[in-house]
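One structure below.
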């Protein structure tokens with residue numbers, strides 16, 4: 001930890017601006033949030049991508065969304081083996097501790113993780129196949145989705161299809177968690193899958209009946 | 001995936017409002033982001049907690065921050081064992097693919113994950129010690145921090161101290177990743193540790209020389 | 001070039017101070033900027049006036065703004081005649097090479113170039129009418145703006161009106177560049193006109209519907 | 001001008017933050033600057049490049065520098081032909097109206113304009129040779145510099161050499177302006193040439209005796 005540096009000045013300035021305006025104007029809410037705790041209605045699982053902020057898209061204020069962000073908004077299958085599983089921990093906390101009413105998985109266009117998975121699978125990025133590749137091993141989660149589409153797509157079409165498969169694989173894997181399945185069966189939790197187009201601002205929702213993503 | 005439901009109406013409304021206003025006003029930027037890709041200056045590792053949004057605190061717009069959010073903003077040690085390591089994948093992507101200039105770990109007050117760890121360690125939450133507890137196993141990452149403070153704190157003081165230790169453990173673990181250490185040694189990457197008080201809006205930065213967190 | 005002199009000592013001192021502090025604290029960002037190139041979101045066209053620094057007003061850090069500064073923040077009409085057109089070159093680079101999302105023209109109070117134009121037009125500065133007057137010939141760009149206001153203003157009111165006309169004329173002339181018009185029509189580029197009052201710190205934005213400048 | 005749009009929200013926020021802090025703290029200076037006018041000691045001619053801000057490097061506050069920024073910080077030769085010459089107008093204003101004591105030309109590493117010139121000259125960018133290319137025609141100004149180095153460099157070495165030549169050509173061309181030469185001969189104006197390395201933060205000054213750029 002001796003490598004830690006002071007906060008870059010541009011962020012210090014921005015923080016002080018926020019403190020003097022946004023925080024000051026909403027101080028009572030921040031103090032209630034601190035003393036009464038958080039009671040978010042929904043958990044969002046989205047990508048780390050700098051271009052997709054669900055707080056912006058859904059105009060969410062502090063206290064509304066419990067947000068987990070990882071590479072390609074993936075949920076791996078349930079694996080209670082005593083190892084560290086970060087995404088699984090967030091889902092466990094959201095469902096068992098916070099008792100959220102919704103888990104929303106949101107994928108997006110031009111997803112670097114999905115592109116990396118495609119390149120790895122087509123042999124264009126062999127380095128991602130190595131044990132030492134964290135991106136490669138994390139994106140292995142997407143394999144069931146690839147198996148579903150690989151024979152009916154090619155090139156960029158495949159990448160777009162895989163962005164949607166990432167959401168669908170995550171929805172499937174969520175249901176492998178007993179505490180998720182139980183809450184869904186008890187009708188105290190619903191699952192939702194979205195796909196967002198960055199350049200057009202479009203938002204589509206997964207519809208199991210058609211097996212397609214439809215504009216919301 | 002057959003359990004997926006339509007997007008709750010309150011979010012559909014919010015999205016359409018965003019599309020007609022925020023998106024429409026910034027459409028040229030969104031379209032450039034889509035066609036030219038993301039070039040974020042910094043990666044932020046923060047907690048899923050609904051009360052802490054770095055995009056708000058730092059007034060960050062789309063394209064600025066690559067954001068990974070997990071339980072208690074923890075970074076586990078480097079472990080290239082061919083298993084799925086979600087947090088490690090985000091760091092690998094940020095440093096190797098996006099070439100961010102900064103990684104900022106931000107902890108906060110009233111962290112549920114840290115509180116859970118403390119309860120687990122003091123015997124108040126035995127269920128977190130089981131193999132099947134994802135939260136418990138994830139929070140094991142904090143143990144080195146606990147060893148440093150356990151003899152000099154008790155009760156709520158311990159929890160507050162552990163929130164800061166979470167940041168320090170993460171900073172230490174970041175440097176166990178060869179590609180992080182190399183970039184830091186090459187002076188193309190800097191690491192930063194922050195702690196945020198939700199109710200007071202305070203922001204403190206870890207200072208290795210004093211070993212303390214100082215107001216920014 | 002044999003007339004070049006050493007850098008004045010007060011600037012040598014300031015530079016070394018910057019190197020030891022601001023540069024050192026942000027070195028990773030500067031190194032990334034050097035190796036990865038610039039990706040500014042916006043182009044600013046502002047006046048050379050020493051009292052107006054958009055990096056200050058908008059808290060912009062290195063890498064954010066592509067800035068062209070000339071006399072009276074003017075953009076001349078599109079003229080692809082094979083001659084040297086400096087301002088046109090900056091716009092071409094910003095739109096075609098850097099693919100900025102916004103071009104912002106910012107005018108200001110007490111603009112010496114605008115005052116010079118007014119004096120030239122009212123006969124108070126005949127020397128500006130000569131072929132050898134670069135200021136005079138450059139400020140001819142403002143003539144369409146003068147024609148719009150000359151019958152409804154006098155004295156200092158005219159100068160203030162002309163400062164706003166400088167912004168409006170520049171916005172009009174920007175659209176005479178095919179590559180600007182095309183990007184605007186494709187919605188990958190937006191144009192903005194601002195006027196800044198130095199003494200009061202005010203910032204107004206041109207609103208085409210009212211034809212007026214409104215506080216931001 | 002009917003295409004003008006509201007100021008993007010992220011800049012509106014930044015402006016209000018500046019108004020509440022930086023402007024408020026320095027209001028007396030801004031008001032004096034507004035009523036008494038500007039009296040900058042130096043004129044800076046630098047590149048539009050978003051990574052090079054002389055106000056940052058030299059810690060210059062409002063009122064200190066009259067700043068002209070164009071592609072590759074070039075000054076074309078004196079040409080009093082009654083046409084619009086933007087850079088010439090800025091120099092005329094600085095010397096004749098503001099009576100600055102110094103004109104400082106500052107070039108930099110990784111200059112896109114210089115790279116474009118090199119590609120144009122070596123046939124790698126034929127589009128820049130057309131009459132319609134503003135960048136190409138503007139960069140023709142650098143040709144005398146290219147003639148000096150073309151036989152003793154190749155590839156990236158040439159580009160680095162040309163960045164320095166851009167400064168030297170500009171210094172030469174400054175002296176073709178009678179009002180500049182006169183002020184220099186009268187010893188009321190000095191000229192200076194600098195080259196700045198973005199990634200290393202280095203600053204070199206042109207020394208006519210050695211014909212080289214030396215660290216300041």
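A Cβ is built for glycine as well, from the same backbone N, Cα and C atoms used for every other residue.
TrEMBL labels come from automatic prediction, so no person has curated them.
What TrEMBL records for this protein:
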- A:47, A:49, A:108, A:111: Zn(2+) binding site (BINDING)
Members of the binding-site residues set A:47, A:49, A:108, A:111 whose C-beta sits under 8 angstroms from chain B:
A:49
Residue among binding-site residues A:47, A:111 with least C-beta crowding, 10 angstrom cut-off:
A:111
Please report the three-state DSSP label of residue A:49 (Zn(2+) binding site).
coil
Can you tell me the three-state DSSP label for residue A:111 (Zn(2+) binding site)?
coil
List the residues in the vicinity of the Zn(2+) site, defined as same-chain residues other than A:47, A:49, A:108, A:111 with C-beta within 8 angstroms of the site's C-beta centre.
A:46, A:48, A:51, A:52, A:72, A:73, A:107, A:109, A:110, A:112, A:113, A:114, A:163, A:196, A:198
Are there any residues in the same chain, six or more apart in sequence, whose C-beta is under 8 angstroms from the C-beta of residue A:49 (Zn(2+) binding site), and if so which?
A:108, A:111, A:112
If you draw a 10 Å sphere around the Cβ of residue A:108 (Zn(2+) binding site), how many other Cβ atoms fall inside it, taking every protein chain shown into account?
23
